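Chemist: Below is the structure I would like to discuss, written out as structure tokens.
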């Protein structure tokens, strides 16, 4: 008996704890334990002593069993002790007992989760097993332990059984309905089409590519794995990162979603909706952080998938850690669906070291996954076997019979099970030269199978001509089987030949009455063959006669207990489009055959071409049962896919075919080798070539790499012959000649191969060998997947090579001895593919994603093609793939047609092609350096109409977000219009039908496969109709909710929107208002735009986005949401934690901060320095409150004007700063910021202000005993204080203030003008000098006298020099992140207050004014006009202008008095005020504002978030806070900028199409009134501002900022300024050795950590300094080196440090 050691127990227990780390709330709950009616009485002596034996392993005992620990004796000890002897039978029974209770003895206090089984026949099937368990328990009780000195005290405990089986049918229905109700609230489950009836539910761990914990839902059609560890489905991590391409690194905008990693060219998605590339998280095998020495670059992530390797470089170490952990975290939230029909085998893996009691599932694609149930593995295994057999149409009751059938299936390599009719031992022979003893089987399908130790014989029913009993045999009667080609097979030594003959004759007579039967040995009648058959027979008569000449070997079969074939341990690399071995594809292939055979081969020949001939009497046709070509849509036959057409005899362990099938055990037996050669295969995906042998069969091209040591020897010999070329390895790629100049290289990561030093060459070569050892895979290329075959020269091989392009990969075979034969054979085999199969495969590619995942491959959506032609007849397969890759379309998209046209955007015309597919309208420009790519989902289109403007024959397409796309110059505009219109209607009808049927028959979505770029020209296909894209009918495993393009924009407001598309038609919004309104009424398909949006809302089904929330989040949101309906069943079943009900209605606002969260860092003393107006201060109040809620001690230092607001109203610590914001505001408004007049007056008036500000900042930080400092650039003192105190420092600002080419500096005089990247960058450099030069003397004097540090003499700021972390409190949707901003810069979103102060409650007369309605209009919502803290030079003139504009617009208005002192002229409003004076509602003494029917003057500050919700339009000065409040309230904005950043915000409002900007210098009443009317009457503006508001409310800027601060705390220190040599002492500051004339040769060296000067001996150490973001080793002094080694992370405030 195998002993269960403590090591294996520890490993198993750890795996179980991993699997149960996130268990369901219903599992092991108190209600289930209290209501359990089951009792499991066991002998606790075994368990307790076993626990005490492994006490060192951390296994705790239950309190109920604590009294038995000292007195009990373990049976395991008895067995292991040499003095204790048990009988063999007792040892075997105890071993069975231990295996059965393995799940319950890890921890005595552990209760396994329940496994729900709803099979009504399950209990009866397990009665015998229950009896066996009870007998084992009784055996344990009666075991004689007299040899043990200590007595055993046996106690019983009552534990809830892990298996939950309903008592009756009613309870069965109730439990099933309860779980179904929970599952129906999960989008991952509802998207599955026809999931079937639920039979089981349990927790498990799934090992597929990576290990995850999941909940397994077992239905009659699927195995559905839902995640246990939930993450926020709306959470998106995005930033600019570098990705390794073919040769260079390129920066992309990376977006991490809950199911994929996608990258785009830029963060502004106004050119395309689809990414440049995508990595499915489900396909990721490993994510590793690479050492800089391996890649030559720091902060690199290596992401390895099934087929490729991607290398990504990040900017900082915190960013690297953040992405690394987020990718691993989101992998735990994936959903995997496995159709039961795709399972090839299910076995129980009980001997594995880590995964005992696991279920090994082998899938059709050759993939394997391990499922480890939390408990009751045997019961789950039995249930899966039953459902699997039922799905295959096989009825198996006895386990022995089931195992025998599985062994039979594996023996004959059948992909589907069969029903055995009878079997008998016999001797098979055809002549005296060979005979085999074995077993003859007959199945209900009529096929005869014979198996022996040396051979396998398969005689299909279609090849049987006659069966007789030979009475003339010498020994006993023999059974003679005649084939249709008149070969005779003898089966002798059958025990009861009469019975066997009667059974098979009865069965065959029913299926094929033409078969001749005789019991007396009568010779069957022979029909004269037809003329063509005679010629065919005579052609091969000299080659083969009889079965002897076509003996085909098969490999030795693996043991039954291990389902994975034991072949050479090299992974298999398949073409992902149709590399699976689909058994349901033989019907169509049997129509047209490729006849092939193989003669006896010489294993020693390196270049063997087997004649492409066959004997039709003996060779199975080319259309094997395992071929991957799908049947045509009309094929509905349910015949077993494992049937053969001709008789096959296969000898084991002989010739090359035996070796071939040993290497590729999953291939069917009839795949014989036609040719094999030694060659080199260049793996294009990995940029590596591998030596090996290529095999060609009738259906596949297979490659097996040679061992790595042989390749190394060959390469070393080549390097010795060519010593000069050893240092440089060729990295030449075969580029696509048709590739555009802007086409990004999507090739996967290749390690660096060039070096200048010999040592680095050795390291690089070693890395290459290591990579090849990891990536060396067998290749299996289905011939039907081939798109093109070319013979050309490739620089890597120097000679000619054969390039094969499939649907998803590129294969290059070189170093071929007989390249012409290899090329011709592949070309000839490719030509033999039946044309009907190609047509069916091309038509099947047009099927929808839901049909791809259905079990039936017969669905076809060819009606999507308007022209009635399939995609293959318009576009060749290679053209189709190239077009989809350039447009970023998914692989299953069906291209319908294309047209030449021009696209009009702004003032630019682009000529190109308009592509129409079944789901999108696409445009791709042809000329120009920068290509224009536009992808418009048909689901977003609300209007298609003809128009003629600047360019003739135009068509305008309008989306739901009111973006207009104009295409013109169509030669046949009517035809284009008709196709677009019909395709649009069909797409919307399909979406509507699928949406309406979602509740009854939910659909499943397939993963969106983004094929890699195929960069190679192809030759003309060899046949008239080339092979087109084949759609795999197998879909295992499938991610049920892959949102690869989760950033795809959908209908405004109604769906989740990830990005806003700006810049499409913003310049023409105002010019085309009247034209748009008129055409909407006359020429549009749907008259009213609002009705269009409503209809699209009802009909559109957007891309699926996961929305499963955690239980904690649901509990927090529950008071704000509608109550979910509870089940009416009486069963006390608690909902599983991960299947929590989804909220139907949620608050549109952002989620609030978590109360009392677990602090990631220690509580810190944080000081925030800021100055400015109320709008500048308020965001930092929100940040301070958030930090305080996290447990930090926050001090906010600002002007004395805001003391009461900060300390009294919000309860924050306050420190005063110098200066009056009113004086600064008045100076800026009167003179303009940073003008010569402004600088002249500022130097005279504000020199004392700067000195006072610097001193008060220093005092505020000292008084607060600051540990972390956050400051705005306007305080000037922030980075200098952070440098002297050596504390973490963060910049924070409300506008972009970092150098970039995307935006100009907001304070620049021309900030509102976009003049290119060089100009924008120059404005930042100019403003840095303008800000620094006037005050540099004061700051340096303050540094030297007060801070005691050297002066800062550089004109480049400290922030730019050291790349300090920067927090920007605005939205990425309004100001997208520029590509040249690194990871230290975070755009967090707006910092808004959760609750405003009570003192800002609105006055009663304002509420009354808002509630009044105009007598002329029913909906006369007022507009808001206010300029906040702007000090206006002439407030009376501005007030009159505003009143006049309000009168012209005919709107009601609220005017805020603000700091500018706006007022209303009483004379202009006498008529409107008479009614109010007569009513006497307001007295003259207490009147705080003037109220009229049209205008209200607001004198008291009111909360903008409350007020803006009540108005229709906001007119403001463009301050950052006011703009944020208006956007959050979803109100259009008119910005009247006065100075500074207000011009920048006005320009951003105008560019995004949510308002406009009118500079104050050119403001007139007429222009203002016209803009008010146009904006309020423009539907597109309302739609865009609603979208923007929805996006902003989803952001949580405060939480994002706090997370960023915590993440960058260890890396936000400012290095101390190096002491100048001129002012340094004349001696080393370490050893004190003088630098005098006697030591003039002694070098002086700066320490990069402390900045002091030392000699070389005192700075001999080098190391990176992470807290200063210095990642390369630099010189440091001995003291600093010791400090860095003792605390390498410099993160003393981290809790877990």
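Keep in mind that glycine also has a Cβ here, set from the backbone N, Cα and C atoms.
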Chemist: Looking at the ranges 1420-1442, 1443-1465, 1466-1488, which is given as region 'Disordered' in Swiss-Prot?
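Modeler: My reading of Swiss-Prot: the region 'Disordered' range is 1466-1488.
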Chemist: Checking feature assignment: region 'Disordered' per Swiss-Prot, candidates 974-1010, 1011-1047, 1159-1195, 1196-1232. Which range matches?
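Modeler: Going through 974-1010, 1011-1047, 1159-1195, 1196-1232 one by one, Swiss-Prot flags 1011-1047 as region 'Disordered'.
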Chemist: Swiss-Prot lists region 'Disordered' for one of the ranges 918-941, 942-965, 1062-1085; which is that range?
Modeler: 1062-1085
Chemist: Within 8 Å of the Cβ centre of 1628, 1631, 1655, 1658, which other residues of the chain have their Cβ, at the recorded Zn(2+) 1 site?
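Modeler: For the Zn(2+) 1 site the neighbour list reads 1629, 1630, 1632, 1633, 1654, 1656, 1657, 1659.
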Chemist: Please report the DSSP secondary structure of residue 1680 (Zn(2+) 2 binding site), reduced to three states.
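Modeler: Its secondary structure by DSSP: helix.
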Chemist: Cα of residue 1680 (Zn(2+) 2 binding site) to Cα of residue 1658 (Zn(2+) 1 binding site): how many Å, rounded?
Modeler: 11
Chemist: Could you tell me which of these binding-site residues, 1647, 1680, has the greatest number of Cβ atoms within 10 Å of its own Cβ?
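Modeler: Answer returned by the neighbour count: 1647.
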Chemist: Excluding 1647, 1650, 1677, 1680 themselves, which residues in that chain have a Cβ inside 8 Å of the centre of the Cβ atoms defining the Zn(2+) 2 site?
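Modeler: Neighbours found: 1648, 1649, 1651, 1652, 1654, 1659, 1676, 1678, 1679, 1681.
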Chemist: For residue 1628 (Zn(2+) 1 binding site) and residue 1647 (Zn(2+) 2 binding site), determine the Cα separation and express it in whole Å.
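Modeler: One finds 11 Å between the Cα atoms of these residues.
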Chemist: Between residue 1650 (Zn(2+) 2 binding site) and residue 1658 (Zn(2+) 1 binding site), find the distance joining the two CA atoms and give it rounded to the nearest Å.
Modeler: 13
Chemist: What does DSSP call residue 1658 (Zn(2+) 1 binding site) in the simple three-state scheme?
Modeler: helix
Chemist: Out of 1628, 1631, 1650, 1655, 1677, which of these binding-site residues shows the lowest number of other CB atoms within 10 Å of its CB?
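Modeler: Lowest Cβ count within 10 Å among the binding-site residues (1628, 1631, 1650, 1655, 1677) is 1631.
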Chemist: Inside 10 Å of the Cβ of residue 1658 (Zn(2+) 1 binding site), count up the other Cβ atoms and send me the figure.
Modeler: 22
Chemist: Please report the Cα separation of residue 1655 (Zn(2+) 1 binding site) and residue 1647 (Zn(2+) 2 binding site) in Å, rounded to an integer.
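Modeler: Rounded to the nearest whole number, the Cα-Cα distance is 10 Å.
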Chemist: Average the pLDDT scores across the domain 'GRAM 1' (658-793) and report the rounded value.
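Modeler: On average, pLDDT over the domain 'GRAM 1' (658-793) sits at 61.
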Chemist: Do me a favour and check the Cα-Cα span between residue 1631 (Zn(2+) 1 binding site) and residue 1677 (Zn(2+) 2 binding site); whole Å is fine.
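Modeler: Cα of residue 1631 (Zn(2+) 1 binding site) to Cα of residue 1677 (Zn(2+) 2 binding site) measures 11 Å after rounding.
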